[in-house]
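In what follows, a single structure is set out as structure tokens and then discussed.
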């Protein structure tokens, strides 16, 4: 079973997710307009200022060009490193991309003013400041508005990446769709983004008409409108501008947190979304603590940075993963030793408490298409590595670098794959389904393994370390809310591999919401 699309399924998804879609739409508009307003507040004055000094103009525009040439995901990652997760790094990233067209068009518009017009204005006794506001800016208005239109449309699209920093917005649905290869979910985010971009372009096109003097238009476009109509257009333009300011600033004044609250984080795949929602609902059901969620974080290291900064209070991750990538300890395949060392080091070095294992072990499961397994008689990891030079591997970039993954595979079995392709988590499945790769680094509880009918190869060499799910929580949070300890312990050893795989399948294969699946699990287990 591969990737498919159904219009009726899309409609059902739209109806079921409508409240969440509206929430994320307004969040997206809020972040976009705020980034755009900051770009305007800095770009227009700076664009005017550098028209007075050509050396400064070359330097400033050059720097802006360099900043915009940085890939958006890299810029977001850098912002997260210094500013933490959430809306702030997302707004900064979009500001950088919106800033250049506004700056350059302001500069170009002012510089395009005919010097004769300025001479006439000065001859009439206008000061330099009055020349700017009565002559230069009105003439440059079409240029400036064109820059704002370009920036606005680009900002709407670029803001979708905010989901990877835990800021959500419409990119959240695209992210969910990519994780489960759900075309309907991807479109649930993509279609509103496209419509919103068109709406922004329409609004700013009308603003451009309102602020452009008829005397600057070509003869065929001059309508000789009555002053009353022109005045009405200008009033509407001012109203729209005020509305944008209110939307940008007002959105940050709502959603006040209660006195007792904590934030549950999660990385960027279905399984941890489900477990994160299980914890959220369980805590809210058993205590009076309000729980917020910040899902879609790009990596384990980002999760831990967010915990150190206090951006999130708890997160579910995997023992072997944190043991190697965060603590930087040498590879250890002894399950009990890994857990004991992990618990001790996280408590002593990071002041983070580690729960008992939740029960399931989401370790690596090298997987191939049935025809590849049959062609090469593959059943185990040893069988796979014996024919590795003839096969193409599709894996995450993380897998190519980690000590417990590809480098150790190659050194242990003294061989290499014929081709290695570093791919996104979900893209691996598209690649193997289309025949572009032969092997992928799947995980034991992945629902997409059954969706694409892949064969999991047995780890007969006990090569991969244990990846038992555990909950990490800041000790300060436990000290502040001691009642949490008893509540969190309710999930210790409670989720089996089979239960986790089944819940993943409900989300990734049946299209259910992770929060609903989490709720059903809690009810079935008698926890709420």
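Here the Cβ of each residue, glycine as well, is placed from N, Cα and C on the backbone.
The feature domain 'ABC transmembrane type-1' is assigned by TrEMBL to 25-204.
Listed by sequence, the residues of this chain that lie at least six past the ends of the transmembrane segment (29-51) yet keep a Cβ under 8 A from its Cβ atoms are 57, 60-61, 87, 90-92, 94-95, 98-99, 102-107, 110-111, 132, 136-137, 144, 147-148, 151-152, 155-156, 159, 162, 167, 169, 196, 200, 244-245, 247-252. According to TrEMBL, the feature transmembrane segment maps to 29-51 (among others).
Away from its own ends, the transmembrane segment (72-100) comes close to residues 31-32, 34-36, 38-39, 42-43, 64-65, 151-152, 154-155, 158-159, 161-162, 164-167, 169, 265, 294, 297-298, 302, 305-306, 309, 311-312 of its chain (Cβ-Cβ under 8 Å, at least six residues beyond either end). Per TrEMBL, transmembrane segment is recorded for 72-100 (among others).
Summarising the annotation, TrEMBL assigns transmembrane segment to 151-174 (among others). For the transmembrane segment (151-174), the residues of the chain that approach it from at least six positions outside its boundaries are 17, 21, 24-25, 27-28, 31-32, 35-36, 39, 72-73, 76, 79-80, 85-87, 89-90, 93-94, 97-99, 101-102, 185-186, 188-190, 192-193, 196-197, 200-201, 204, 265, 268, 294-298, 306, 311-312, judged by C-beta separation under 8 angstroms.
Long-range contacts of the transmembrane segment (186-204) within the same chain, counting only residues at least 6 positions beyond its ends with a Cβ under 8 Å from a Cβ of the stretch, are 5, 10, 13-14, 17, 21, 25, 28-29, 32, 145, 148-149, 152-153, 155-157, 160, 170-178, 240. Here TrEMBL flags 186-204 (among others) as transmembrane segment.
Per TrEMBL, transmembrane segment is recorded for 235-254 (among others).
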